[in-house]
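Asker: The structure that follows is given in the form of structure tokens.
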């Protein structure tokens, strides 16, 4: 016997005003004249209904990412790269979200993981006046959009926690337009800003933290040039917990005497996924008729990567990390989790396979879709040498596609061999340490050692490019 089901809900009005009602249209026209509906048209062009009852956070973010014209870097269907809520899986398993929904922090994490700039404010970190100012700023722009996390009961609606984008603002009435992504339940509607603030100023029982709002915009450059936190890796959350929660406790419990002992606490018994947590970004391109030349844009990007890598290697922290790794070489088991994929051919095979997935749709695990891995060294400008790793991808039953992986740096050794061809374990661990909050080290008992560690890990004196790399990694870890 079929169940009756539900067909929509009556929008509680007041306090809400249906966007399509005569009064809702009047408010829209007035707000349009005030210049606070500028973001509406981009948002409504990509406005969609969430595909699952608990996907409000994913659908909201999908609307905003598409409105900002952010390239997801992977295919949706056919040849098309496009954000769909089923693709936002890098911070929380979709099966878990489908049952439990998603929290404020994880939505912010998803936005960052997918290439957006995020400014997140929980209600206890802001005021209603701050919120109003930011609503006006975002609604007066096409380039910044505001997402709200609120409890529906505050608007006399059925349901609990919910996410939606804000589509506009009316100054005289002090009302905001909520583009509700549960369009099967409620239509877009205007609500008083202060009432929405009260609905945001509530506790999410899943985390014990306040709800809030976040501003999403497009990054002016790639989120990271050389390194990225691998939040798509299934073990990333356990690694983040180890680094931000366990490490501070371990440091407090040990009587440490020098930097080497501090590094041992952090790296001797890490989670098995640590080696995958921060990875270097390689550039992948299709092979074009055996063309081995680089475009000016490719040369520029590789030069920046080489600069950042050089900046890492000139830090005192890098020297300490290198010394610690050298001291552990004879204990292979100790550092196996950190170095099991440090050889360029193995790394390149994995990157080649990821590139193949992006460029051809061939997505096989473990680098199995790439064959005939070949390493070449190209003179870029008679001074700098770039490493080019080529592979062949079987993209169909009989067709093949050549794929090139551009490696950031190649230095020639005394015998003419290429050395230091890619970011090493020492480079990655250095960036990882720099990305941790300074309060991580505050529990070190020996005051002089604590001061020395803090000095080593302070980022304010780093070169700007390296600061930006570290800042992005830090923000991702904290979310």
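In case you wondered, yes, glycine gets a Cβ from its N, Cα and C as well.
Reproduced below are the annotations present in Swiss-Prot:
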type: DOMAIN; residues: 1-221; note: domain 'Peptidase C83'
type: ACT_SITE; residues: 56; note: active site
type: ACT_SITE; residues: 162; note: active site
type: ACT_SITE; residues: 180; note: active site
Asker: Who sits close to residue 180 (active site): which same-chain residues at least 6 apart have their Cβ under 8 Å from its Cβ?
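Answerer: Those within reach of residue 180 (active site), by Cβ under 8 Å and sequence separation of 6 or more, are 162, 164, 186, 187, 188, 189.
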Asker: Would you count the other CB atoms within 10 A of the CB of residue 162 (active site), including those on all shown protein chains?
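Answerer: Its Cβ has 24 other Cβ atoms within 10 Å.
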Asker: Where does the mean pLDDT land for the domain 'Peptidase C83' (1-221)?
Answerer: 90
Asker: Across all chains shown, how many C-beta atoms besides its own are within 10 angstroms of the C-beta of residue 56 (active site)?
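Answerer: I count 24 other Cβ atoms within 10 Å of it.
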